[in-house]
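Here is what Swiss-Prot records for this protein:
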BINDING   Gly27, Asn28, Ile29, Gly30, Ser31, Gly32, Lys33, Thr34, Thr35  ATP binding site
BINDING   Glu52, Tyr70, Gln81, Arg105, Glu172  substrate binding site
ACT_SITE  Glu104  active site, proton acceptor
MOD_RES   Ser236  phosphoserine
MOD_RES   Ser241  phosphoserine
MOD_RES   Ser243  phosphoserine
Amino acid sequence: MAEAASCARKGTKYAEGTQPFTVLIEGNIGSGKTTYLNHFEKYKNDICLLTEPVEKWRNVNGVNLLELMYKDPKKWAMPFQSYVTLTMLQSHTAPTNKKLKIMERSIFSARYCFVENMRRNGSLEQGMYNTLEEWYKFIEESIHVQADLIIYLRTSPEVAYERIRQRARSEESCVPLKYLQELHELHEDWLIHQRRPQSCKVLVLDADLNLENIGTEYQRSESSIFDAISSNQQPSPVLVSPSKRQRVAR
């Protein structure tokens, strides 16, 4: 982080000007982020695709931090979120010669959704939360995190819960519906109600749809991304699937 601090003193940010047009894929656990990312595999020669670094969280020199966090959040929430911050920052600043980078989640959702939820439910003591906030402030001031468009895979907690049950990841076996409901509200506050700072536009997709019917939503977002790149402009502020418009209006 010394290089980042040096850049900050010079009035520039570390990694500034090094990243292409960057799209962040956001949504609850079980919202279909990895499936969405797989949709762009056909463009892998032109796009830098970065999945959420879950495998790193599962193996920190032989330690499964993700599993430990779910089993004993009071003890492991702080080290887990510290490592999440590091690994997400590595993805944000990873060099690429591609014209487009698409990332599964970001340092923003870690801060505004997961860390905030841990503070609210008591998994993070106030001192722990304050420490993480200081890290986020340092990153915000010193390191450039490219974000041109957020794709929000908007999913009801009940649908997300059923998908989690079906995929049966061992670490997620203890995830209750209430936890997904809490995360859903935090995503809504951030991406729909805009109660958190936003540096880019948001495209909202109806991710409750099953695989047979969600292709239209994928195609809509794909067109929006490539149109924005070709015109060097960002899409309209909040583009919402027709089936979701009434919910956003409330």
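Cβ coordinates are placed from backbone N, Cα and C, and glycine is handled just like the others.
The structure, with features from Swiss-Prot marked on it.
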{"residue": "Gly27", "record": "ATP binding site", "Cβ contacts under 8 Å, 6 or more apart": "Lys33, Tyr152, Leu153, Arg154, Thr155, His187, Ala207"}
{"residue": "Ile29", "record": "ATP binding site", "Cβ contacts under 8 Å, 6 or more apart": "Ala160, Ile164, Glu172, Val175, Leu180, Leu183"}
{"residue": "Ser31", "record": "ATP binding site", "Cβ contacts under 8 Å, 6 or more apart": "Leu153, Arg154, Thr155, Ala160, Ala207"}
{"residue": "Glu52", "record": "substrate binding site", "Cβ contacts under 8 Å, 6 or more apart": "Lys33, Thr34, Glu104, Arg105"}
{"residue": "Tyr70", "record": "substrate binding site", "Cβ contacts under 8 Å, 6 or more apart": "Glu171, Glu172, Cys174, Val175"}
{"residue": "Gln81", "record": "substrate binding site", "Cβ contacts under 8 Å, 6 or more apart": "Ala110, Phe114, Val115, Met118, Leu124, Leu132"}
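Note: the ATP site is recorded as Gly27, Asn28, Ile29, Gly30, Ser31, Gly32, Lys33, Thr34, Thr35; in the same chain, Tyr36, Leu153, Thr155, Ala160, Arg163, Ala207 also have Cβ atoms within 8 Å of that site's Cβ centroid. All protein chains shown were included, and the count of other CB atoms within 10 Å of the CB of the residue listed as 'active site, proton acceptor' stands at 21. Around Thr35 (ATP binding site), the C-beta neighbours below 8 angstroms that are at least 6 residues distant in the chain are Leu211. In this structure, Gln81 (substrate binding site) is part of a helix by DSSP. For the recorded site, Gly27 (ATP binding site), the DSSP three-state label reads strand.
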